[in-house]
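Structure record follows, encoded as structure tokens.
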2 protein chains.
Amino acid sequence: MSTYHPLTEVQAIAYSRQIPNLFQEGSDLASQEIGDGNLNLVFRISETATGKSIILKQALPYAKVVGESWPLTLDRARIESEALLIEEALNPDLVPHVYAYDADLALTVMEDLSDHVIMRKGLIEGNQYPLFAEHIGRFLATTLFFTSDLGKNQQDKKIQQGRFINPELCKITEDLIFDDPYRDAETNNIEAQIRDAAEQLWTDHALHLEVAILRQKFLTSAQALLHGDLHTGSIFIKADSTKVIDPEFAYYGPMGFDIGAVLANLILNFAAQEGWSKDDESRAAYRSYLLQTVKDVWTHFEANFRSLWNEHGVDRVFQTAGYQDYFLTNLLQDTVGFTGAKMVRRIVGLAHVADIDKIEDAAARERAQRLALDLGKALIRINRQVTSIDELIAIVTKETAVERGFAL
Amino acid sequence: MSTYHPLTEVQAIAYSRQIPNLFQEGSDLASQEIGDGNLNLVFRISETATGKSIILKQALPYAKVVGESWPLTLDRARIESEALLIEEALNPDLVPHVYAYDADLALTVMEDLSDHVIMRKGLIEGNQYPLFAEHIGRFLATTLFFTSDLGKNQQDKKIQQGRFINPELCKITEDLIFDDPYRDAETNNIEAQIRDAAEQLWTDHALHLEVAILRQKFLTSAQALLHGDLHTGSIFIKADSTKVIDPEFAYYGPMGFDIGAVLANLILNFAAQEGWSKDDESRAAYRSYLLQTVKDVWTHFEANFRSLWNEHGVDRVFQTAGYQDYFLTNLLQDTVGFTGAKMVRRIVGLAHVADIDKIEDAAARERAQRLALDLGKALIRINRQVTSIDELIAIVTKETAVERGFAL
């Protein structure tokens, strides 16, 4: 083992050679650094003769966002690697396989998913993924259930929780999602054309109370091992396969935060159709697909989760009459709240989404921004009263109908 | 440092001699083991010439309860010692001073409080402690506030939380408070005369749901560093001084659990007055004192907590309009629920309280047991609806009036 240093492409090849049972001895290996360089180095190492390839992901000791650079713990590589292994044990088909982890180099060696595309890109291109809802619903159900007190021995869960204390990455979420968007923070990234809407956010006290309550859940509700950053940029996809990547934000938190991340990014793309759809008809069709996916994600999650609960609840208390329904209603409410919070921050906060920012037509982009913001606010406002996923769908449909003439 | 071994009285003296600045060199020291031997050795070491004395508390690697013996982590000595130091920094007057902690021996050296009495004994003797409510209300407010996300940097809180992962002792609570009393568990300790009432508990499904929800909070709600076992046997008291001891159950949990422990043990003594009061008049008077203390504990806690929140909230989100009221209403509801759960377990669970068990007259003891059980159940049932401490007082008063003719 060596002390930490960022690898060069040549060093990445040398490192790959020594991993047992991967490449043939002395074979020709090519290396390409394909990361965006903001947080990690990502090397794709491929064997010319066989086409076989792997990914080396190495954490950098800093984060670069919009030109700023701040120090960031290398321990996140351990957290990512351990979370991937836990997820893989539960759903081998839904995460990249981890070949090796090197603590000194903050390096994870994993399966290459170059035959997949990042889901955000796929959605922007207007693709449909009929298996996605089942895949992600199952991923969410198994990872959240089996890492929680429901499906894991409660003492083992506490010890595992201790391995996923992740203060620095949680801090990013606490600031960028639950704080900055609701005040005139320097880190905010607000297009001039919607500044009025951002300013309204800063004085909406009823909304602030709901966000404070959601933040409290993020800070204190240690329900399950979360992915922690489960947007469509953390999902690799193709027609018959879904792979969840990048769980470096993993920590024990409220289950609804992960589910909400998925739903928020689907609804952000829904709003972004102001800019991407060619005509009203195709816009309505793609939006219907997205809303159906939102509903299906929850439905698949819930069906899987209830089934796991019935079959694998670790003790008799979980069979208490009414408890499962109580739990799932609360979880849906959390999900709706976190969905809204994750939409708002993508419009006025530091980090945006390509679905909306890459719309070239300024007027269409503004319509998408305002719609996403209004949908997010509506979901935050209603979160503690929702009792079915249909209510979420109805809110999105109605708000969009009022604002943009959308009809299902 | 030496490897772990239970100290003899002679070794306890030798150990005490080497602590700097405590006893005079070569002075005559007396040692007395005063623990009950169930969980810990407790040595009182005193200097004959000066009367100066200290306590050596050494964890045993097992727990003995009602003849049973099971292994128990020595790490609880570290947890106790670290929790005491945190509590002492916040309220130097309300916990014993820690002179030293020896990890290898699982040994804490602390202030001798022999001039105080255990509060449970004081209440059984019918004493009143006019300063108690202010003291314990302040203790609860400062420890719960300053170890929570409200009063502590949220990243530092996460790291501290990682030092108080306490699976084994939490397991005791999870079983003995939230599980066993509600089923026909072997560990239960049920007097034959109230077996019918215990059996009713086992089929009360509405109650089981509330207990399951309370358990979920105990398992997942990491609000603050709790004492974890704050009954009147963990409090040393005299007229002008209150000292909280024995925080070996400390972990990050729901604030209401600690407050509820205090209230539950006051109300258990309230029920126990069936056996201790000499006549109806003195019974009514002492019960009024106890109920007023229950109310005052909450009132002092709330006033201190709100004041800390207003002055020391770590960020602007805590100034959000309505948030403090929302938080305190939820906290009161948790408190009422945990109060009830901690009463029920003391009547039918493994570990009872002397307040009730030491009543010699079987009929009076049975009246006290049934009253305590009914009060506990009523508080559990109502917990999610309570909005003021007066409602808790009203429930206790009304239930006691119906059952035992008590009038305030």
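Cβ atoms here come from the backbone N, Cα and C positions, even for glycine.
Residues annotated as ATP binding site in TrEMBL: B:Asn40, B:Lys57, B:Glu111, B:Asp112, B:Leu113, B:Asp246, B:Pro247, B:Glu248. The substrate binding site annotation in TrEMBL covers B:Asp229, B:Arg345. Per TrEMBL, domain 'Aminoglycoside phosphotransferase' is recorded for B:32-265.
Here the features listed in TrEMBL are placed on the structure.
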residue: B:Asn40; record: ATP binding site; Cβ neighbours (10 Å): 22
residue: B:Lys57; record: ATP binding site; Cβ neighbours (10 Å): 22
residue: B:Glu111; record: ATP binding site; Cβ neighbours (10 Å): 18
residue: B:Asp112; record: ATP binding site; Cβ neighbours (10 Å): 16
residue: B:Leu113; record: ATP binding site; Cβ neighbours (10 Å): 19
residue: B:Asp229; record: substrate binding site; Cβ neighbours (10 Å): 20
residue: B:Asp246; record: ATP binding site; Cβ neighbours (10 Å): 22
residue: B:Pro247; record: ATP binding site; Cβ neighbours (10 Å): 27
residue: B:Glu248; record: ATP binding site; Cβ neighbours (10 Å): 27
residue: B:Arg345; record: substrate binding site; Cβ neighbours (10 Å): 24
Spatial separation of B:Asp229 (substrate binding site) from B:Asn40 (ATP binding site) - C-alpha basis, Å:
16
Could you say whether, by DSSP, B:Arg345 (substrate binding site) belongs to a helix, a strand or a coil region?
helix
If you measure B:Pro247 (ATP binding site) to B:Asp229 (substrate binding site) at Cα, how many Å is it?
7
Within 10 Å of B:Asp229 (substrate binding site) by C-alpha distance: pick out those among the binding-site residues B:Glu111, B:Asp246, B:Glu248, and say none if nothing qualifies.
B:Asp246, B:Glu248
Do you know offhand how many angstrom separate B:Leu113 (ATP binding site) and B:Arg345 (substrate binding site) by C-alpha?
29
Once the DSSP letters are reduced so that anything not helix or strand counts as coil, what is B:Glu111 (ATP binding site)?
strand
Three-state secondary structure, B:Asn40 (ATP binding site) (per DSSP):
strand
What's the CA-CA gap between B:Lys57 (ATP binding site) and B:Arg345 (substrate binding site) in angstrom, rounded?
27
Cα distance, B:Glu248 (ATP binding site) to B:Arg345 (substrate binding site), nearest Å?
20
Looking only at the domain 'Aminoglycoside phosphotransferase' (B:32-265), report the model's average pLDDT.
95
